[in-house]
Each structure stands twice: as C-alpha cells, then as structure tokens.
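Note sheet for the following structure.
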Amino acid sequence: MSPETVGLLGLCVLLLLIFFGMDIGLSMAFVGFMGYVYIEGFKRGISILGTTVYNTLASYTLSVLPLFVFMGAIIAHSGIGARLYEGVERWIGHLKGGLAIATITSCAIFAAMCGSSLAETATMGKIALPEMKKRGYSDTLAAGSVACAGSLAILIPPSIGFVIYGLLTEQPIGILFIAGIIPGVILMLLFILTVIFTISLNPTAGPRAPKSSWKERMLILRIIGPVVALILCVLGGIYAGIITPTEAGAIGAFGAIIITTLSGYLDHKKFLRALMETITTTAMIYLMIIGAFIFTKFISVSKLTFAFPEYVSKFGLSPYVTLVIIIGFYVLLGMFFDVMSGMVLTLPLIYPLILRLGFDPIWFGVLLVILMEMGLVTPPIGMNVFVLRTVTNLPTEAIFKGVWPFVGAMIAGIVLLIIFPDLALYLPRLMTAR
C-alpha cells in the first residue's frame, strides 16, 4: 500500500476505536505507532515512541499546563468565586437583567484565572443559578447565560485550548494568550447585548435586584481587588515580555494560593482537592498530547499533510469558501467531541491546509477556539449543558433552549473575527513590534 493509503486507513481505524469507546489519547498513540512502524519499520517506530514520550514530559513549554490548571483549581475549590459574583452583582445587579449580566461579567473575570470551561460552568452554576431563580429570572435566560458565559474560560487567557493549539502547531503560547483578549471581551459584550435584547422582548425574564449601597459596593472591592491585580500581573507580564507563560503560570498559581489563604477561603482539604484535580487533569491532557504527537508523526510520514491540501486545492475553491467549509466542519465536530479531543484529532490535517490557504495561524487559533467553544453548548453533547444539569434541577431541554440566543452571539463574534482579523492580531502585533 502507498503511504497515503496507509494514512487514510489509519484515520478510519482511529475513528473506529474512538467510536467503540477507547481513550482518544491511547487510540491516537496506538494507531500512530502501528502506522509509523508499517511505513518506516519497527526500529524507527520504537525510537519515535520513546523520544516522543520523553520529550513531551520533559518539555519546559508544556509545564505551563499544570501551573494554570492548578491556578484554576485553587480558585474553583476555594469558593472565592461566590464573593467575586457577589461583588459584581452589587454593582450592576439592580439593572434589568443585571444578575445575568453580572453572571457573564463574573465568568469573564473567572475565566482569566481558570482555563477550564467545565470547571467554570460548574462553579458559577452553583453560585449564580440559585440567586437568579430566587429573583424570579426565567429558567432559559438564567441557564443560557451561565452555560454560554462559562465557555469563555477556553477563550479568555490563560486558556488550556490555546496551550494545546500552541503545542500542536508550534505557535507561541504567550502570543496566543494575548490574541484571545480582545475577542474574549467582544464575546462577553455580545453575550451582555443578548441579555439586554432578551429582556427588551420579555421584561419579566430578568427583573431588577435590590440596589446596593455605595458602602456595600466599596467593601466588596477588597475581595475583587486582589483577584483583578493577579489577573493583570499574569497577563500584563506576558504582554510586556517580562515573564514567559510558564513563569506567569507559576506566579498565578502562587498568587491564587496567597489570596485565597489570606481571605480565609482555602483550607488544607480544599487545597488537596485542587491538587488531586490538577494531577488527574494534567495526566489526561498529557496522555492526549503524547498520542497526538505520535499520530502527527505518522500522518507526516504518510504524506497526508501534503496530499490533503493538494487534494482540496483541486476543487478550485477560494480560500474563504474553504474556510466556511472548515468552520461548518468544526461546528459539527464540536457537537460530538470536547475541545481538546477535537483539536488533537483534526489539526494534523487542517493546520497545513490553513497555512496553504494563506491564513494567519494565530488568527486561526482564536477562531478555532471560538468554534470549539460553541460546541460546548450545542446538542447533542453540549458538555457545558450537561455539567450545568448536574448542579441544578433544571431540565436539559430548558438549558438547551436558553443557549440558542447566545449561540447567535457566538456566530456574530465569528463573523466579526473573519471580517476584522485585527481583532485577534492587533495586540500580538504590538507585542512583537517592541
């Protein structure tokens, strides 16, 4: 068989293994190793297997992952998110739809400390949903705002999605982080506009909450202030070029421990739970990355990375028509796979095509993360929806009904990013120009 045929057969076997429930990381490692051995021989296959595992585990760049995961776990398990939500609610909760807007704003701030959408959705669901239900908010608006705003964690840095994309495509993680800031803020504002539009159509969906006094607002800043300072320190340090993403992760994790401990929110039990979550999450991601690297080497020697762009170019489609097809593909993919799985499965083939089409890889990284973010809230999988279902008694149908207006906001964000690519590239350009 030709290398290209072996590559296609390997893809089919990989999808079959995943369909029957085999772990994605193990599936990719197995298929990648066997395919590589078939093309290059057993001796070279064993060599690639050993060096890939060692180089991945010894990678300084990859050490950013457990640090930011630990930072997010500390914030999530400490319970400081409740005070963060309370602080934002005291400032804007008295507006129509104010609690939903406060939820979205809190999720955006929380996202800058926690790179996991699932953890953010679970945390904010426990905090914000009971409060909105108590104030008479409609189930659909309350659930939709939490589920979709929770997905901001994968876009607003530090994002695990950007780390995975950067590792698989060899793009600078720090620049990817900075590229996600403006699109993340714009998406947050689009979510807020969605709430305002929903309230204008149905004023009873989001009644006003009691207005807090200025004294109450100023007192709560004692909790919000250090959190915002930590975010600015982490992202500002990366943007200024003072610290690397790995150093920023270490500062963020240490700062999160200090803030939550001094505030009285972190005890040894919560610390141990956060540590165990970090270990299990990191191990899962490392396995997936190792499998992806081995599979990528197989795809490379099978020459599919060259054959696939050549095959697509034969259709004579313009770059933007091809991009629209890729977007549709990822929207469908996101309905069945989580963010990381979708990336590691497809980037070995899609990324060379994106370069062939002439699109900026940093810009595409931001676009891809938003597309995978949309998959977190769309049926039939919609992982954020089912996470929210586990922490509330709302029916799944009501949650899915509530997310559709916000999915429209995500589509608007994608259109804006395609029309104005500088939304993602402006800050990285300033960062690299210095």
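The count begins at 1 with the first shown residue.
Yeah, the Cβs are placed from backbone N, Cα and C, and that goes for glycine too.
Taken verbatim from TrEMBL:
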DOMAIN    11-422  domain 'TRAP C4-dicarboxylate transport system permease DctM subunit'
TRANSMEM  6-39  transmembrane segment
TRANSMEM  60-80  transmembrane segment
TRANSMEM  100-119  transmembrane segment
TRANSMEM  140-167  transmembrane segment
TRANSMEM  173-199  transmembrane segment
TRANSMEM  219-242  transmembrane segment
TRANSMEM  248-266  transmembrane segment
TRANSMEM  278-300  transmembrane segment
TRANSMEM  320-350  transmembrane segment
TRANSMEM  362-383  transmembrane segment
TRANSMEM  403-427  transmembrane segment
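Residues 61, 64, 96-97, 100-101, 104-105, 107-108, 111, 141, 145, 148-149, 152, 155-159, 162-163, 165-167, 205-206, 235, 238-239, 244-245, 248, 362-363, 365-366, 369-370, 405-406, 408-410, 412-413, 416-417, 423-428, 431-432 of the same chain, all 6+ positions outside the transmembrane segment (173-199), place their C-beta atoms under 8 angstroms from a C-beta of that stretch. Residues 63-64, 67-68, 70-71, 74-75, 77-80, 83, 113, 158, 174, 223, 226-227, 230, 233-235, 237-238 of the same chain sit 6 or more residues outside the transmembrane segment (248-266) yet have a Cβ under 8 Å from a Cβ within it. Ranked by number of Cβ pairs under 8 Å to the transmembrane segment (60-80), the listed stretches 6-39, 140-167, 219-242, 320-350, 362-383 are led by 140-167. Averaged across the domain 'TRAP C4-dicarboxylate transport system permease DctM subunit' (11-422), pLDDT in this predicted model comes to 84.
Across 100-119, 140-167, 278-300, the stretch most heavily in contact with the transmembrane segment (362-383), judged by Cβ pairs under 8 Å, is 140-167. Nonlocal intrachain contacts for the transmembrane segment (6-39), taken as residues 6+ away from its ends with a CB within less than 8 angstroms of a stretch CB, comprise 45, 48-49, 284, 287-292, 294-299, 301-304, 307, 341, 344-345.
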